[in-house]
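S.K.: I have a structure here, written as structure tokens, and I will follow up with some questions on it.
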Amino acid sequence: MSDTSKEVKIVDGNAVVDNHATYPDVRPGSLLENADSLQRRLNNRQIQLIAIGGSIGTALFVSIGGGLARGGPFSLFLAYTVYSCMLGLVNNCMAEMGTLHPVSGGFVRMAGKWVDDAFGFMAGWNFFFYEALLIPFEITALNLVLSFWRDDIPTAAVCAACIVLYALINMLAVKGYGEAEFWLSGGKVFLIAILFSFTFVTMVGGNPRHDAYGFRYWNNPGPMAEYHTTGALGRFEGLLAALWSASFTVVGPEYIAMVAAEAKRPRIYIKNAFKTVYWRFGIFFILGSLCVGIVVPYNDPTLVAILSGDQSGGGTAAASPYVIAMKNLGVSVLPHITNALMVTSIFSAGNTYTYCATRSLYGLALEGRAPKFLTKCTRQGVPIFAFLIVMCFPLLSFLQVSSGSAQVLTWLVNLITAGGIIDYIVMCVTYICFYNACKAQGIDRNAFPYTGWFQPYCAYIGLAWMSTIVIFYGYSSFTPWDVGTFFSYYTMVIVAPILFVAWKVIKRTRIVRSRDADLVWERPIVDAYEASFINPPVGFWTEMLQLVGLKRGVKDVRRDSI
């Protein structure tokens, strides 16, 4: 080629070339964004809102009531605080790996790359089923929340509408998904702000009854509830029940790991997203558990009746403690606003699970752990065949037409919870192997874009904690023994090792030795992509101002040198 000083500038994904006719050999876009067919189109504000609210759905607003009823307000607060701190240790591991290697499939492919191919196979299929089964869970919850307004809303119609909308949003380019999640996640943040404000204002007397109830319910009926048995043991089992509730509700690092492969400037934007996880845990989950224990007593008749199955239909709002508290205090309009925002919140969570299930299946196919045809992407970078398979799972939501929403919710929660905890165990084991490989190969981790603190001890503590949770969270099935309950709790725990052993025997895989682990992988492609940007990163608030027409000239500008 002649005149190698000529450059192609790529502005927000579109090639802009000067005097192209004079230089016909210029090839826009020859610098790769990824080693595969996914496209980096998610901008800073979209990533941050997905990190903040993408995974917040039914559990924080609805299912948390079960933890309160079984454990009491103090047990709930303590359980959510401890579990959030422990998951923060896992996030610390994932942040270092995910920022350095923002690859398609996230931690699923890392597990196969640095631990064992069979471990990656197990991790990938576990995560896929975990995400895919969460989709019908959210649709089922959506139907239950809609029953707040009326009982005669056709269940099948709601299920069908959700499936069509999820399909339309996820068939678009990833930028369309990112934009939808930005606004839906913004609605979640607004809803949480409303609920926290409601808690504070009403507890100091700003309610129709002018009752400054404060922490009354921590004294009467008390801070800790008895569950399963009585006395001190019953209170301890109540704490454990609240802990199981937290293990289903508090999530986060896995979703950022999944969007990393489609994020612009991942070394900057994804790193910032992982950092937001810590204060998100503190504000949303820990403070949220405190608020729930303030506004409603654990023995509230409505809450207890709904959870025991004695009451359902209109007025339940899917057992949301906040809506129950509003009705108890005689607040008239706010329950409808809360319920409307809750509907969008639950819909958004299902949308995120559809996205993550599709990308995890795509990541499995890239490594040969799923059929190769699943790697086929559209021109917009959507894994089309993986997406079509994922869209079969929301059809399970039609089970509620005959079985009832509450029962289907219970089945799905029990099946899913273990899968989520296994994901965190995988992250910790993968990080330990990654850390050992860095040490064996003499690589300075301080040179990485993000360096985890207090490692590898964070990984070991996180691994021990999550392993303990997954072993004991279904202990109630033993007292008394119940086969159906046992399998509903431990199916994923049993299936995971079977998947690992089966793939290991069939493929004769070996554990990756620390000195042989591939720590380069796709780093050169990401490094070159990051280096192609001409301008500094666009800030979150700059992108927010662009929504209202300000600072429109500030954009991500890349070059493709020839």
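Glycine too: its Cβ is placed from the backbone N, Cα and C atoms.
From TrEMBL, here are the annotated features:
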DOMAIN    47-511  domain 'Amino acid permease/ SLC12A'
TRANSMEM  49-68  transmembrane segment
TRANSMEM  74-94  transmembrane segment
TRANSMEM  127-149  transmembrane segment
TRANSMEM  155-177  transmembrane segment
TRANSMEM  189-206  transmembrane segment
TRANSMEM  238-256  transmembrane segment
TRANSMEM  277-298  transmembrane segment
TRANSMEM  336-356  transmembrane segment
TRANSMEM  377-399  transmembrane segment
TRANSMEM  411-437  transmembrane segment
TRANSMEM  457-475  transmembrane segment
TRANSMEM  487-506  transmembrane segment
S.K.: If we skip the immediate neighbours and take only residues 6+ beyond the ends of the transmembrane segment (155-177), which ones have a Cβ under 8 Å from one of its Cβ atoms?
M.R.: 38-39, 41-42, 46, 135, 139, 142-143, 146, 262, 347, 350-351, 354-355, 358, 380-382, 387, 391, 394-395, 397-398, 400-401, 405
S.K.: Could you tell me whether the transmembrane segment (377-399) and the transmembrane segment (238-256) have 3+ CB pairs under 8 A, leaving out pairs under 6 positions apart?
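M.R.: Stretch pair does not touch.
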S.K.: Counting only CB pairs under 8 A, let me know which of 49-68, 127-149, 411-437 has the most with the transmembrane segment (377-399).
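M.R.: Highest pair count goes to 127-149.
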S.K.: Quick one: find which recorded stretch in 74-94, 277-298, 411-437, 457-475, 487-506 has the most Cβ pairs under 8 Å with the transmembrane segment (127-149).
M.R.: 411-437
S.K.: With a Cβ cut-off under 8 Å, give me the same-chain residues at least six positions beyond the ends of the transmembrane segment (277-298) that come close to it.
M.R.: 51-52, 56, 60, 64-65, 67-74, 76-77, 79-81, 84-85, 87-88, 91, 95, 192, 195-196, 198-199, 202-203, 214-215, 217-218, 220-221, 225, 246, 249-250, 252-253, 256, 321-322, 324-325, 328
S.K.: Sort out the residues at least 6 away from either end of the transmembrane segment (457-475), same chain, that have Cβ-Cβ distances under 8 Å to it, and list them.
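M.R.: For the transmembrane segment (457-475), the nonlocal Cβ contacts are 86-87, 89-90, 92-93, 240, 243-244, 247, 414, 417-418, 421-422, 424-425, 427-429, 431-432, 435, 485-486, 488-490, 493.
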S.K.: Mind pulling out the one from 336-356, 411-437, 487-506 with the most Cβ pairs under 8 angstroms to the transmembrane segment (74-94)?
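M.R.: The stretch I would name here is 411-437.
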